[in-house]
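J.: As annotated in TrEMBL:
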DOMAIN    24-169  domain 'MAM'
DOMAIN    168-329  domain 'MAM'
DOMAIN    340-498  domain 'MAM'
DOMAIN    507-666  domain 'MAM'
REGION    520-542  region 'Disordered'
SIGNAL    1-18  signal peptide
Amino acid sequence: MLFRGIFLAVQALQLAGALDLPAGSCTFEESTCGFDSVFEFLPWILNEEGHYIYVDTSFAKQGEKAVLLSSDLQAEEWSCLRLVYQITTSSGSSSEPSQLNLYVRFEDESFDRLLWSAKEPSDSWLIASLDLQNSSKKFKILIEGVLGQGNTASIALFEIKMTTGYCIECDFEENHLCGFVNRWNPNVNWFVGGGNIRNSHSILPQDHTFKNELGHYMYVDSVYIKHFQEVAQLISPMTTAPMSGCLSFYYQLQQGNDNSFVVYTRDAAGQYEEIWKMGNPGNAAWNLAEMEFSAPYPMEVIFEVAFNGPRGGYVALDDISFSPVPCQNQTEILFSAVEASCNFEEDLCNFYQDKEGPGWTRVKVKPNMYRAGDHTSGLGYYLLANTKFTSQPGYIGRLYGPSLPGNLQYCLRFYYAIYGFLKMSDTLAVYIFEENHVVQEKIWSVLESPRGVWMQAEITFKKPMPAKVVFMSLCKSFWDCGLVALDDITVELGSCWSPEKLPSPPGECTFEQDECSFTQERRNRSSWHRKRGETPTSYTGPKGDHTTGVGYYMYIEASHMVYGQKAQLLSRPLRGVAGRHCLTFFYHMYGAGTGLLSVYLKKEGDTEEPLLWRRRGEQSISWLRALIEYSCERQHQIIFEAIRGVSIRSDIAIDDIKFQAGPCAELEDITQQSSGYSEDLNEIEY
């Protein structure tokens, strides 16, 4: 075991908080403080001498897991959950490392939400800092340790602490320094100052928190500088929930003429942005600094000090705090993802058209075997630019989005489908129109894609000034025109791709990576298959998936089955909770011989499987959305069953399955709007 060497590092922290621990916290000195091992899995072992709990391969095998579950918790105010842990492994056995996962289990959800995961081994303890947004819902913390390869693989937990406040806040009074870390430099680094620490050649100040020598702060001293502009960086924990407001801290410096003090943000892709820079050095006492801070996606805050030489004195930092209220109560332009997005079911939302030309038309197509419906549900509205009815080549449609605040990174997603057109290139293009300039910049255009398939496009962009997104449909010549369809436009803050993104929660599955947690009792040619692109048999099955148009879905291949043969796809066991649940998914039933698609509820301990939803025969060439509202207070599974029809043109597909707590929000609206399509809505209670 490699844990003995880290006891002294965490002992002071543990003893200081052991007498008065907030709910959801534990130092594992004499007990597990209301955290219990889940009976169905390996137990977490409390070390005989206290200090930590652990699971290792001395009593367990590779792949086995231990699960720790808290009592009921509530975070009515924003809270920070800190986890002190260590993962160790045998040398040379990193192919399958141990993994530590942390989930949040809300009382009204039948699945657990993955909040954080780690599998990097270390020879000392590490700290994870996780923001928990305020909520009136009760929840539990679930910590899962999965043992990896090797005879000495182990996972240890030294402390769990949940406190009110934000994880980027810190007064540096505790040993873990709130998860802030120094980026090591041979000559200049951030150190802890105050208390009994006397390791600097400079005369350091009293701390700001307690206004005496007992408190602590962070400082950088220039005395060891050997090169021009050597840099010291103090890095905050990565934010794990969107936040926006005023970031403040106190700083003090000595001989400030020869140093630079700057604060940056850094996202998961490594992009830096300066948010504050020291101007006038101020007085010798502690100075307050305030700046606007917006972290709509995961970000770190970096405090950077650079000295020109060894006589630059010191820079000290203390009492970092955050408020969701803007600094100085100033009014800022806020971004709203709802206002910047549209599925065109009701109207054009906040989008508008250029007055010239026939432009875009909001249309609705009744599902049939020849024309695809919209992307949102298969039954709703989308926008159509019909260049067949214009004899004038050139731009025939401009669709403008709402104004977006400048200096923010955005992810634009939308779905498009192209019909006709001999040459598809540039038939649809996206431009950025900066409101202070006349010039429009093209950021995306169609090259080649399957015709008649809803395709997803993703674009990341950032402009310094307020800007609008403009969709343009182009007819190059009178003889080469067609249809361009547009639907489900969304705009979110952050990059469309981030290395820090967690996998989808267990309640969602797009089948892009794998089959998620769905299982089958048997696997052969007549089972459900994960597929990409068109199915082998003509005049049946989808041309592409629903998620992106080029991704994966699950389907049955009718040519491998006989009439009446069935295939079942089972969800993972779902926890029974009180209240209603909403199950949504998309299904594709196209082909003259299409059979039957049913959804059943399988309750633990019951032999009967009540029917929740069913469709029989050919439905549409489009992906159609199904909404099922049901209740079940016992552990259960959902079964998707497809039965092969009378001919090989009987492929059935499903995609984009999602479980949500509470009733289906769109159930009532869709029932009123869909008239003849009300059979797609089911409301079952058990």
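Glycine too: its Cβ is placed from the backbone N, Cα and C atoms.
TrEMBL annotations: computationally assigned, not manually curated.
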J.: In the same chain, which residue numbers or ranges, 6 or more beyond the ends of the region 'Disordered' (520-542), come under 8 angstroms Cβ to Cβ?
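T.: Distal contacts: 511, 514, 550-561, 565, 567-570, 588, 590-594, 623, 640, 642, 644, 648-651, 653.
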J.: Could you put numbers on the helix, strand and coil content of the region 'Disordered' (520-542), residue by residue per DSSP?
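T.: The region 'Disordered' (520-542) comes out at 0 helix, 4 strand, 19 coil.
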J.: The domain 'MAM' (24-169): mean pLDDT?
T.: 89
J.: Count up the helix, strand and coil residues in the domain 'MAM' (24-169) according to DSSP, in that order.
T.: 0 helix, 68 strand, 78 coil
